[in-house]
Amino acid sequence: MVDIAENGRTWLLSGPSSSYALHLTDADELLHLHWGPRIALADAEALAGSPLPGYWPFESPLDGREEYPVEGGPRFVRPALSVRTDERRGTEWRFTAYETEGDELRLRFADDGLAITLHYRMRGDVVERWVSLDNGGPARVELLRADAATWTLPEREGWRLSQLHGRWAAESRLTTAPLTYGEKVIGSRRGHTGHQHLPWVALDTDATEERGEVYGCALGWSGSWRIAVAQLPDARVQVTGGAGHDDSGLLLLEPGASYTSPVFAGLWSDGGFGGASRTWHAYQRAHVVPDADRDRPVLFNSWEATFFDISEEQQAALARRAAGIGVELFVVDDGWFGARTSDRAGLGDWTPNPDRFPHGLKPLADQVHGLGMQFGIWVEPEMVNPDSDLYRAHPDWVQYQPGRTRTELRNQLVLNLAREDVQEYLWERLDTLLSGAPIDYVKWDFNRCFTDAGWPGEPYPQRLWVDHVRALYALLDRLRAAHPGVAFESCSGGGGRIDLGVLSRTDQVWTSDNTDPLDRLAIQHGFTQIHPARVMAAWVTDSPNTQLNGRASSLRFRFVSAMAGVLGVGGDLTEWTEEELAEARRWVELYKEIRPVVQQGDLYRLRPPSGGLSAVQYVRGDETVVLACLQAQSHGEPVPAVRLRGLDPTASYECRETGEVHRGAVLLHHGLRTGLRGDLDATVIHLRRI
Ligand code: DGJ
């Protein structure tokens, strides 16, 4: 909902429990007024009436108060917009108009031929912001920086910044620290979202998991990006973010060309970090993730079971075992195509390997379907191995700088997806693949960063950074439209490409290559700060853990840890005993029973994973599920009871497993004993209101 003051210069956007307001001064300065609890238009107008502070030569009255600080004039903060032409640098805009369309508010500005539009849209309590630029003038405009939005927080003391940092196999780890004066900059210079930071920040002063004000901002972009959080003088904080990783240039706007930034979404919550994440989850399920109301199936993935050593018969044997334990989707990972018998060859040649799949993928897909499962495959379309037919035919299709080394990482190079011939090749190959065999699922991987990202002959700033992501999105959109029954997974060596942009085109993401069930608890704790369980893939793999750390854990612990998201199995089932398979079947059955609650419910992080007992709870209608994990019990101390959330204190709840009846008020205020003991113990508690 958008309310507009009579003079057409103050705007108020409101969601169910929050509001966002801005104001345009007579000098066309666009000022931020309010972001927080719901207010009335009259409140926004009252705020608009407060004069800007006096102007001193060493401070700017605009700094920390503007909605979208441009470069130029009396401003010393990091500009959201920085442009230059052959003649000059910076922006001096005039307001031209505002308009609303549905729930979107557009504010239009112009600086000579450059039209700048700021877009706002409220989705529940999430504010979506983005900017579009149109070069209607006769000169080229160099876009050095065009952030999607700048967020302004209210004056408070003692801001803290939370972020999700990591690396390969250790993504999404939550860290919180006081914000000090100056700037904290996070981002990716790698061409993809990156394992190092999820494009999300949260700011609070004294919030806890379930109480207090939290501001959150998340960027929907799957290429290089940057978010800068600035603690300015006078207790003012601004967060600015967008595509591109530094100021050397984003894009060249030729006359007639335009640029639309990704969406930078933001929310305010007074329900602590838990409340903020539930708002993020509801937003993504309602507005971002495709078909989010459809539960994701239990999948089997062959990677850790067979790595590159695969064949039709061996995959069929795994499929039979997977079907036996109740798996619903069987995914053949890397190694089925071209000369791909190791990571040294084959990427780019998207036809089944004739020795391994002599009659193509269809016979295996048919067998998998015959077993009652869906069939999926792994691809990594944006890459090529130098040892491939594709590279031998088109060595100029990769990103490279003339006369420089073509850096290989994992023996592969990055295709220049900004090229139309590359886009067409990939479309043709993937469309043929999806048309040639009954494929229901595509795991789309991306296993190296950009390094020598050049495009000989193209002027600077080169568009390949931005256009790579646009081409990826367009390819996914086109494939989804042509093959509406096919679901997609975003993977990048685990969690290297997880953001709101890719999530608007994929059905789930591969959270991490780290499948150790204990490490996963911390990764999942961070991941769910922003993204819902409905997209968080988690596999049960072999014990001891083969991929990472050799840690041994029970099947029970591995399943309970993986049941916190979209359950998958990734172990070598041909090596599992009959007892293990029977136990796995029981866990998969239980998961299917609780799946709607886990994937669609409200998530409460009851206790963080910090050495002892951790627990997450999901609430949906009359049902609630608790997944509790005990890392280690020390000194024989009693394991604490877990206090539940989101229940009706006046109701009673029956445990599905034991038939025990618990009173809501008792569960909320005194908690539930989990019965866990020792090391790496875990349990599932499923309660239904009676
Ligand atoms: C990285 C992924 O994260 C793994 O799951 C697997 O698909 C490999 N790539 C295959 O090369």
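Cβ atoms here come from the backbone N, Cα and C positions, even for glycine.
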Please state which member of ASP309, ASP387, ASP513 TrEMBL lists alongside TRP168, ASP333, ASP334, ARG410, LYS443, TRP444, ASP445, PHE446, ASN447, CYS491 for binding substrate.
ASP513
Look up TRP168 (substrate binding site) in the DSSP assignment and reduce it to helix, strand or coil.
coil
10 Å Cα neighbourhood of ASP513 (active site, proton donor): matching recorded positions from TRP168, ASP334, LYS443, ASP445, ASN447:
TRP168
Do me a favour and check the Cα-Cα span between ASP334 (substrate binding site) and ASP445 (active site, nucleophile); whole Å is fine.
9
Who sits close to ASP445 (active site, nucleophile): which same-chain residues at least 6 apart have their Cβ under 8 Å from its Cβ?
ASP334, TRP378, VAL379, GLU380, CYS491, SER492, GLY493
Measure from the Cβ of TRP168 (substrate binding site) and count the other Cβ atoms within 10 Å, all protein chains considered.
16
